[in-house]
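Working notes, beginning with the structure itself.
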Amino acid sequence: MTSSAWGLLALFLAALLVLAWPVGKFLAALCNERVPRWMQRVEAPLYKIAGTRPEQSMHWLRYAIALLAFNAVGAVFVYALQRLQGWLPLNPAGMGAVSPDSAFNTAVSFVSNTNWQGYAGESAMSYLTQMLGLAVQNFFSAATGIAVAFALIRGFARRGDGKARGLVGNFWADLTRITLWVLVPLSFVLAVFFVSQGVIQNFDAYKTVQTVEATAAGGQTLAMGPVASQEAIKMLGTNGGGFFNANSAHPYENPSALANLLQMIAVFLIPAALCFAFGRVAGDLRQGWAVLAAMTVMFVAAVMVVIPAEQDGNPLFGALGVDQLHGALQSGGNMEGKEVRFGIDASALFAAVTTAASCGAVIAMHDSFTPLGGMVPMVLMQLGEVVFGGVGSGLYGMLIFAMLAVFIAGLMIGRTPEYLGKKIEVREMKLISIAILVTPVLVLAGTAVAVLAGAGKAGIANPGAHGFSEILYALSSAANNNGSAFAGLSANTPFYNGLLGLAMWLGRFAVIVPVLAIAGSLAAKQRLPVTGGTLPTHGPLFVSLLIGTVLLVGLLNYVPALALGPVVEHLVLWK
């Protein structure tokens, strides 16, 4: 890695820690349901309209049913909005109805916090669909993930006695408070900053401008729209779906180096803050630091692979005498598919950030990365999106691995495993197994179906190892709710829209339900005191055990598939 790459990484991590600490403190207060009176007065009319009482905590099953029902209604609404947009207002470009299969895929994508996009926003979606459908789900899907994390944290924190025994909180109160007091204020501040940098925010009709050189088309059409407001929650909510087809590579979405840095910080802000919130609510800040340390170590390791892989360039160019060395006058390395204004360091770091989190935003085409460089984003997703991960989903995913780690440690020393004073028993381990195995089954089975089916093979534009990698990446992205793509795959077809839509829905909610069941089970248990035989879960030894568990359990499932795709491609390229 170059000195500029190290400097960018250090600046990014330092700024992230400084900003995440106070946000984590506020999230802990919300998780503990310590809401000031003035906030309660603002919330009260919403609860009255909804017919719910925020102080009434729910059993995990009731919490899960409310969550699933809310998200199902959201999916139906977004689907209907796309199908009807041709007859609705705020459609200056005259966009017609989205096809049924694409509308289904997009509705599931945004409700599940995946934001996989098989369409180009500027040529498919009206302003109303973008604002009322997609942007609203950016808020609600993010709030849903944080709410599940809150429920699991409460499961650890509650004593297992009294009226709160077995209860995990009120979904409607969590959803309202997270949206009103976390996501909306942060998004407003970030959107104003983006506007100051040059991100557009308007309802103008598309503009036709004359280019410097005359063209047969007579000019260029510039798409407009309310971009800044959607861009903010796109990053803060680890959503990733771009207003434009080029996503954050588009100058109207990401116009400057400073905006680019803030976008990366925004992606990790809430996942990092939730680690601090977890430590505070659990009554031991060291627990939060341990989880954050494990995430950070794996993230830095990924960055240390992807940046040099891109900086080394393409050996086929080297054989032609092309200068690919980094220097004062050029970025060097593999610049295919990258914005010159960002270069290799920022592009590779952005790719690591958005695939470590379940964001999916891009400033470079991952399909144009070197085989090794492209494998890093794929592996970060296949780990289960627990390296920071999505808002909420990253923390509850990592806590699932933490419970598995203490279970393995308990087997090695012959003690009943416990984490934060709660015994990890047969019921929890069955649910943990389900939560961990859902996504590998979806990814590998979906990939097998796609490479066997004629409709799946028809979408491959690059036969061979890279074509297989494109399919594996698409299923990894969908099932792990990331949303980025190796865009060489033609995925906006009925086959892929259906397959990926199913993977996105199950990858989201077939994990959330067992996590909530674990939360309810833990909340019903007494919290045991710490003894001399208790495994410390806050030191370097446990951090190492946790990282090892994530890598062994999360990654080994995919080694044969990776060997058929990026590994083969890398060996062929560098033979």
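Glycine residues also receive a Cβ, built from the backbone N, Cα and C atoms like all the rest.
Quick look at what Swiss-Prot lists:
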type	residues	note
TRANSMEM	4-24	transmembrane segment
TRANSMEM	61-81	transmembrane segment
TRANSMEM	133-153	transmembrane segment
TRANSMEM	180-200	transmembrane segment
TRANSMEM	258-278	transmembrane segment
TRANSMEM	289-309	transmembrane segment
TRANSMEM	344-364	transmembrane segment
TRANSMEM	372-392	transmembrane segment
TRANSMEM	394-414	transmembrane segment
TRANSMEM	431-451	transmembrane segment
TRANSMEM	499-519	transmembrane segment
TRANSMEM	545-565	transmembrane segment
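Below 8 A, the CB atoms of the transmembrane segment (344-364) and the transmembrane segment (258-278) form 3+ pairs separated by six or more positions in the chain. For the transmembrane segment (4-24), the list of distant contacts is 182, 186, 261, 264-265, 268-270, 272-277, 280, 288, 296, 300, 303, 307, 311, 345-346, 348-349, 353: same-chain residues at least six beyond its ends, Cβ to Cβ under 8 Å. When the stretches 61-81, 180-200, 258-278, 431-451 are ranked by Cβ pairs under 8 Å to the transmembrane segment (545-565), first place goes to 431-451. The stretch in closest packing with the transmembrane segment (61-81), judged by the count of Cβ pairs under 8 Å and taken from 133-153, 180-200, 258-278, 431-451, is 133-153.
When Cβ-Cβ distances below 8 Å are used as the criterion, the transmembrane segment (180-200) is approached by residues 23, 26-27, 30, 39, 42-43, 139, 142-143, 146, 224-225, 227-229, 231-233, 235-237, 251-256, 258-259, 262, 266, 269-270 of the same chain, each at least six residues removed from its ends.
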